[in-house]
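J.: This is the structure I want to talk about, given as structure tokens.
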Amino acid sequence: MGCAPSIHVSHSGVIYCRDSEESNSPHQTTTISQGTATLHGLFVKTDAADSIPSVLAYQSRQPPPSGGPRRKERRESGGASARSRTPHCCSVEAETQTSSSSAKASTAEVQVGPMRLTQYPIQVLLIFAKEDNQSNGFWWACDRAGYRCNVAWTLESALECFLDKHQEIIVIDHRNSKYLDAEDICRSIRATELSEHTVILAVVPRTSADQEETSVLPLLDAGFDRQFMENSSVTACYNELVQIEHGEVRSQFKLRACNAVFTALDHCQEAVEITSEDHVIQYVNPAFERMMGYCKGELIGKELTELPKSDKNSADLLDNINSFIKKGKEWQGVYYARRKSGDSIQQHVKITPVVGQGGKIRHFVSLKRLHCTNENNKQLYKSHREDKHPGDNSQSESGSYKCKNRRKDSVDVKSITSQSSDAPSLQTRRYSSMARIHSMTIEAPITKVINIINAAQENSPITVAEALDRVLEILRTTELYSPQLGTKDEDPHTSDLVGGLMNDGLRRLSGNEYVFSKNMNMSHTHLPVPNTINDVPPCIAQLLDNEESWDFNIFELEAVTNKRPLVYLGLKVFARFGVSEFLNCSEATLRAWLQVIEANYHSSNSYHNSTHAADVLHATAFFLGKERVKGSLDHLDEVAALIAATIHDVDHPGRTNSFLCNAGSELAVLYNDTAVLESHHTALAFQLTTKDSKYNIFKNIDRNRYRTLRQAIIDMVLATEMTKHFEHVNKFVNSINKPMASEETSPHSEGSDTECTANIKNFPDNQTLIKRMMIKCADVANPCRPLELCIEWAGRISEEYFAQTDEEKRQGLPVVMPVFDRNTCSIPKSQISFIDYFITDMFDAWDAFAHLPVLMQHLANNYKHWKTLDDLKCKSLRLPSENNN
């Protein structure tokens, strides 16, 4: 037989009740509040009320005997320490615990029309000033009903508990305002958004027989739903709670479910209108607002007769409709409605009567959608365009630039080429580039969306066409162009290229760190740098005479400059574009800057060295010389592009971002595995530039111009990061190529480059897209160089990837690009994959804008070279016969 539980008073005034150690039951502890606590029916006093929590969940109570709750014995706690206890300053953390119900809590199935809902066990919050028979009565009633119950003693704890649990029923003690302001608590709870569907019960004192019963209006005004006359009987409390559950709580539960229905209506494509039996508008959804041109606030509460009617309906149509629906029958048919703008639109309407209380029709629900033939839609669209552009029917007649193919966008290439059969070859070639753009194999979801919208505009009424124009405008100016990389090619070379270049390295091995030496303090004295642009050796000067040609041989310059071509080419190019004049810096400062930047490129890298930087600078300068590019950009843009090309790979370690992330390098940690190298290139370049006034090319420009220039440079360098490659290309195509193509193919458009570039200059976002596309193309232009240069670059990048694979294997790191194993790799296959996946679409888009026939011819020739090698199963850069020669 177990011993009686012992009672202990802690030094902080908290009393614990513990079963004897011989008992098999677990230790049970109850925290005391307001100076009293109930322990297994034992009522104990304490002086530590101020330091005890004000929220208490009752636990481990014995069920009361039949006929009512057990009266607790009131005893003085024994022991001198308890009798002389004084409050301590230490506080006890408040805690809300859910009661353990002796009745099994179960869920209930509730039907709301065709919806079947699951109602979970009810939660009840009791708010009383102190524990008494009434609070105990509700407690045991909750226990019997299987409800989860919490008790709070103060306003603060009640609010905290309600915001945490969201109880369906709240019982507030309204018997004595001296200890608890019940109405204030009720108003505070009602002030929260969560209380909308909560039932609040006021416990009021019992009135004597000779006393007049008070009005419930003050309680209702305070936010109470009903009152309960004081009665501590568990059965009375149980009956009250169960009635509330099956009445107000069940009703509120159904109302909460209506939120899902209204959400569905708000997102429905069909226009929905709900009216009363007297045809007063009670609800319209957003689709209805868009269709009719009204705001919800202009319609709710108005009778349908107050809205303007279209005169295109037959005179007896409304009478026929009313005769149907008043009999409780559904009506559907074609109806003309008048929009707020005054336009009449043809709708297919379905009106359904809804029977409510008393078996009477209480609502009418109308579903409306546009009911227009293609011919009718085209007429509306044409009318709309003529309203916007009086006397100009170009918009309605130039529909061929809209999407005819749902997979690709806007340009009907066949119609373009047929229209321009007698045009100069330049136009024909440009249209062929547009044809390749619209057969791109890489397509982002956002591109498909724009294509569908363009197609929908063809057969849309006025309002929809206007809305779709706004949608297109938004889509073309926000970051929504990241593609879904599907299974374009199962070739492992493609997979490895995409994985190595498009990912930042998601796998990390602990303990492996790759740290490369920063070359920031490299001496530059050994570099043969000229004093002026004219003070160069004749052999170098002779080479630089041809630097404006696309076929310029950068490797010859590399050889004659002892692998430091960047300074010489930089001086020539920067002088041609007036960079010193723009920056207001001396030629000596510019020369020193070029020298320090080149010194921080690693000549030990086979690919990412200063020769690559010079090559990208050369390509950027070549692109800036094209008429359409030149006309689209300002002088500041040109300077920013040249500087960005110069610094875009400074201090490159010869390893990819994925490698650095997998190796846990310092840079990867610093830049959070995101655009690691590109962020480092820009940050280091500006650090080097501003470190010493001798080579600070920005020291003489004002702050605002510097900030603008710096932002443009950073944006361009970050654009070379390959993870956003398809985003940049798709944005360029949708925001630059396609709008320009539509202008060129319009029968009323002169198609002059001056007009096109002037429009671009009016939109800084478009200039940004052009600069990003330009440096991206310059950065990976190797496949578009003459064949010998292309082959050399292919060998260099392959060697760098081979070296990375070797190091990954040595360090036990994940191998980012397994196909780049020097013993098994097919360089022709890797080049074919790179061209197919990254180059073709991008250069088609860039060519369509900048007109680059020489590059596109080189690209075709080089691709043919790699395909020939691959067909012959040759893995090297050239055929064996060519190597022997």
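Including glycine, each Cβ sits where the backbone N, Cα and C put it.
Note that TrEMBL annotation is computational and uncurated.
The feature active site, proton donor is assigned by TrEMBL to His608. Feature annotation from TrEMBL assigns AMP binding site to His608, Asn609, Ser610, Thr611, His612, Asp649, Asp779, Gln831. Here TrEMBL flags His612, His648, Asp649, Asp779 as Zn(2+) 1 binding site. Marked as Zn(2+) 2 binding site by TrEMBL: Asp649. The compositional bias 'Low complexity' annotation in TrEMBL covers 91-108. Look at TrEMBL and you will find 415-429 tagged as compositional bias 'Polar residues'.
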J.: What is the one among the recorded positions His608, His612, His648 whose Cβ has the most other Cβ atoms less than or equal to 10 Å away?
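T.: Compared across His608, His612, His648, the most Cβ atoms within 10 Å surround His648.
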J.: Can you give me the residues near the recorded Zn(2+) 1 site, meaning same chain, not His612, His648, Asp649, Asp779 themselves, Cβ no more than 8 Å from the center of the site's Cβ atoms?
T.: His608, Ala613, Val616, Ala645, His652, Thr720
J.: Roughly how many angstrom lie between the C-alpha atoms of Gln831 (AMP binding site) and His608 (active site, proton donor)?
T.: 17
J.: Around the C-beta of Ser610 (AMP binding site), how many further C-beta atoms are within 10 angstroms, looking at every protein chain?
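T.: There are 29 of them.
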J.: Fill in the CA-CA distance, Asp649 (AMP binding site) to His608 (active site, proton donor), as an integer in Å.
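T.: The separation of the Cα atoms works out to 7 Å.
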J.: Quick one: Cα separation, the residue listed as 'active site, proton donor' versus Asp779 (AMP binding site), in Å?
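T.: Given the Cα positions, the residue listed as 'active site, proton donor' is 11 Å from Asp779 (AMP binding site).
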J.: Sequence gap of 6 or more, Cβ distance under 8 Å: name the residues on the same chain that satisfy this around Asn609 (AMP binding site), in order along the sequence.
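T.: For Asn609 (AMP binding site), the qualifying residues are Lys563, Tyr601, His602, Ser603, His652.
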J.: Taking His608, Asn609, Ser610, Thr611, His612, Asp649, Asp779, Gln831 as the record's AMP-binding set, what's the max Cα pairwise distance in Å, rounded to a whole number?
T.: 22
J.: Count the Cβ atoms, other than its own, that fall within 10 Å of the Cβ of Thr611 (AMP binding site), considering every protein chain shown.
T.: 27
J.: Cα distance, Asp779 (AMP binding site) to His648 (Zn(2+) 1 binding site), nearest Å?
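T.: It is 9 Å, counting Cα to Cα.
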